[in-house]
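A.B. asks: Before I ask anything, here is the structure I am working with.
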Amino acid sequence: MKGQEETLLGKSVGQLTDWVKQQGQPAYRGKQLHQWLYQKGVRSLTEISVFPKAWREELKDYPIGRSNIVHCTIAPDQTRKYLLSLGDGLIIETVGIPTSKRLTVCVSSQVGCPMNCDFCATGKGGYTRNLTCAEIVDQVLTVQEDFQRRVSHVVFMGMGEPLLNLKEVIKAVKILNQDVGIGQRSLTISTVGVPKKILELAHHQLQVTFAVSLHAANQTLREQLIPSAKSYPLPKLLADCRKYVEITGRRVTFEYILLGGVNDLPEQGIQLAKCLTGFQSHVNLIPYNPIEEADYQRPDGESINRFKSILEEHKIAVSVRYSRGLEANAACGQLRAMSAAKN
């Protein structure tokens, strides 16, 4: 990417083999380098003990592409929110979400976000640039290193709109799958919807989970919540989602943040059900996490259950996802650079 320093992280085993050969080393060093980068997670080439000492010394300042943790907050449920400093000093956020059987990483795809969703803390902080493939992969390796256990799942639900950085996101998906060793079906790409990009993603024929942040079943309300929806009318968005299912053979997950008194009314549940009838899909209802910058409220339990029941009555597959890491300001929609607020 323009202006970004080339790093070893983000390269495939073939590319790494080409690189070591350019350095005058035998081809087998490429596989060694690949293993130490992606399986051992080294932060400096001097750590690669199988390399000749003299060569390691030559490479001591060569950029791998690893970030530094500048802050980590741990919630009572052991969710960890990280502020990571990139090579150019910009700060991004990453979240590690552990359970007894899983370790999920919520990765950022951009520094900030240009979509400016009305209820989201990240969008209030503006947008700076796209992340590189290496900067995305690094987030997973950093969380894996900090937890001292393998990452099992990755969700592209952190800072940024993944489909606005699709080239680097696709590269990161392939590296995470083929090089880090995470199954594609354990990777989730989420979007609020970007014209033409859903079908572009579909034609890559990935086996990832695809999630669309819907949040409203009528265009007027959706534009209020998601300003970018003005350029992507709901009927066209849903039509593209249906084409995605046809092309990939995989269902679409619809994320629906429940905002008390705004989009959680019974008639809105019926409206959503009608939009999705006959659709190969699943709905994730997410009770809102209040932020200082937006005047929305979390719905009560009765409203949540009522909305879920309406969808179930219409034979819509639905579940309620309660966000982890609330105490760490790390839950869905609350990702923002705390350092920016201090400056």
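Cβ atoms are placed via backbone N, Cα and C, with glycine included.
Since the structure is predicted, the reported quantities are computational estimates derived from the model, not experimental observations.
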A.B. asks: Among Ser190, Ser231, Ser309, indicate the single residue that Swiss-Prot lists for the S-adenosyl-L-methionine site containing Gly160, Glu161, Ser213, Leu214, His215, Asn289.
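C.D. replies: My reading of Swiss-Prot gives Ser190 as the candidate in that site.
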A.B. asks: Between the recorded positions Glu93, Cys106, Cys117, which lies closest to Glu161 (S-adenosyl-L-methionine binding site), Cα to Cα?
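C.D. replies: Of the recorded positions Glu93, Cys106, Cys117, Cys117 has its Cα closest to that of Glu161 (S-adenosyl-L-methionine binding site).
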A.B. asks: Cα-Cα, whole number of Å: Leu214 (S-adenosyl-L-methionine binding site) versus Glu93 (active site, proton acceptor)?
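C.D. replies: With the alpha carbons as reference points, the distance is 23 Å.
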A.B. asks: Distance check, please: Cα of Glu93 (active site, proton acceptor) against Cα of Ser190 (S-adenosyl-L-methionine binding site), rounded to an integer number of angstrom.
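C.D. replies: On Cα coordinates alone, these residues lie 16 Å apart.
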A.B. asks: Cα-Cα separation of Cys113 ([4Fe-4S] cluster binding site) and Ser190 (S-adenosyl-L-methionine binding site), in Å?
C.D. replies: 13
A.B. asks: As a test of the contact definition, list every same-chain residue at least 6 positions from Ser190 (S-adenosyl-L-methionine binding site) whose Cβ is closer than 8 Å to its Cβ.
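C.D. replies: Listed in sequence order, they are Val155, Phe156, Met157, Pro162, Ala211, Val212, Ser213, Glu255.
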A.B. asks: If one measures from the C-alpha of Gly160 (S-adenosyl-L-methionine binding site) to the C-alpha of Cys106 (disulfide bond), what distance in angstrom results, rounded to a whole number?
C.D. replies: 12
A.B. asks: Fewest neighbouring Cβ atoms within 10 Å: which of the binding-site residues Ser213, Asn289?
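C.D. replies: Least crowded of the binding-site residues Ser213, Asn289, by Cβ count within 10 Å, is Asn289.
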